[in-house]
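As recorded in TrEMBL, the features of this protein are as follows:
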BINDING   G121, S122, N123, A124, K125, S126, T127  ATP binding site
DOMAIN    119-291  domain 'Mur ligase central'
DOMAIN    314-430  domain 'Mur ligase C-terminal'
Amino acid sequence: MVKVPKGVTLVVGLGLSGRAICRHLSRQGVPYLVADTRAVPPGRDDFLAAHPGIELHCGPLTDLDLSEVEEVVLSPGIDPQTPGLAELAGRTREATGDPLLVGEIALFVRACHAPIAAITGSNAKSTVTTLVGEMAREAGVRVAVGGNLGTPALDLLADAPDADLYVLELSSFQLETTPRLGAETAAFLNLSEDHLDRHGDMAGYRAAKLGIFRGARHGVVNAEDPNTWPEERLPAQDRFTTRPPEAGEWGIGRYRDADWLMHGDAPLMPAAEVRLAGRHNQANALAALAMGHRLGLPLPAMCAVLRRFPGLPHRGELVAEAGGVRWINDSKGTNVGATLAAIAGLGPTLEGKLILLAGGVGKGADFRPLAEPLARYGREAILFGADAERLARALRGHLPLSEVGELSAAMARAARIAEPGDCVLLSPACASLDQFANYQERGEAFRSWVQRHVAREVT
């Protein structure tokens, strides 16, 4: 057994975030060693070359004696219930009384001296994080954006030490190891079934997400999703909705015979001018506006961003339009909730019907909630990949179905049946790992096929 010496911090996990933790501890002059449960973690040799003198333990964590460890810092992908770690739950550091087991964001909070805007949710958190960052930038604020999106949070401290604002996307994995975030404004956008293999059940998943409100000065929640509401009263709170807003809410109401984004009864901008397509993206815009308002960002700057922001790749991305048919890449829709949001957002806006391309690895999800909205808006669901048959069982009798082997066959089928006014939507409701390395590769395959076989790229 390898003993971690007294006063030494243990970093667990040598992925992207784990390396950022190591860089941060090196800058802080904190003695540490690293452990990874894999026998040969990717990039091991490069890491050792970049960190001479740092000890790396590869293999089971039960081989480590942690009786005198100073602190254990987990990468987000490491489950705190991993053998060798679970017994540390509830233990505290002698010197500070803080939890012994923490994650990267806990280190970020200790070292950060600027306000934090934090965003979580099962879906849309990357879009809202990017919107808030762009709104701040448009307003002339020195802002750094990252976390679960793009640059690891701890690297932001080195890359942008003079930032006036840090905007962070945070996952449930990051939040469950963050004792107190203390955000200036924190948003919980929505909750749908995901990551139950890690959190056990929806109650555990929700509890991890609610960690975003610990110490928050202001919260933004979804008026239509009570799961996003904090258990304890916050100093200040805003709610967003796609319905006409009540007093103080951010919503969508009628003004001058058109739908407008509104704050209470105050019209902000026409909903049709939000460049992002779909009602669900108008909800994302409202959440970003609520956060920006709390941060003191001027309305003209925020609305300017909403008018021009095209969205992120693989998230409701309009790839092409030809023959009156739109082709939308929502490959990031890796769970049922994301696909439901895409259908509900796009369906009412179509002159024709929706052709859904769905399938992959369903992670045991219940696909039945997709049936009703697809019955209303769908022309056909074209199912591919490992869980195509499970999807078919959930949807059969609600709309026409086709089962094909691969995504390329699904796209070819969609091209044959699409009519003017229709939308072909890749929103798989599943992970991609049966046929692709990740959702990005799946989305690029969709984009490439569409551009070769269907139409010009939308610019």
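Backbone N, Cα and C define each Cβ position, glycine as well.
Quick caveat, the model's predicted, so the values are computed rather than measured.
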*Whose Cβ lies within 8 Å of the mean position of the Cβ atoms of G121, S122, N123, A124, K125, S126, T127, the ATP site, other than those residues?*
I119, V128, L189, N190, N284, A338
*Using DSSP, how many residues in the domain 'Mur ligase C-terminal' (314-430) fall into helix, strand and coil?*
43 helix, 32 strand, 42 coil
*In sequence order, which same-chain residues at least six apart have a C-beta under 8 angstroms from T127 (ATP binding site)?*
L276, N281, N284, G311, L312, R315, G316
*Which one, from the binding-site residues N123, K125, S126, has the smallest tally of other C-beta atoms lying within 10 Å of its C-beta?*
S126
*Within 10 Å of the Cβ of G121 (ATP binding site), how many other Cβ atoms are there?*
27
*Under 8 Å by Cβ from A124 (ATP binding site), counting only residues of that chain that are 6 or more apart*: L189, N190, H280, N281, A283, N284, R315, A341
*Once near-sequence residues are set aside, which residues in the chain of S122 (ATP binding site), 6 or more away, have Cβ atoms under 8 Å from its Cβ?*
L189, N190, L191, S192, E193, D194, N335, G337, A338
_Secondary-structure category, per DSSP, in which K125 (ATP binding site) falls_ = helix
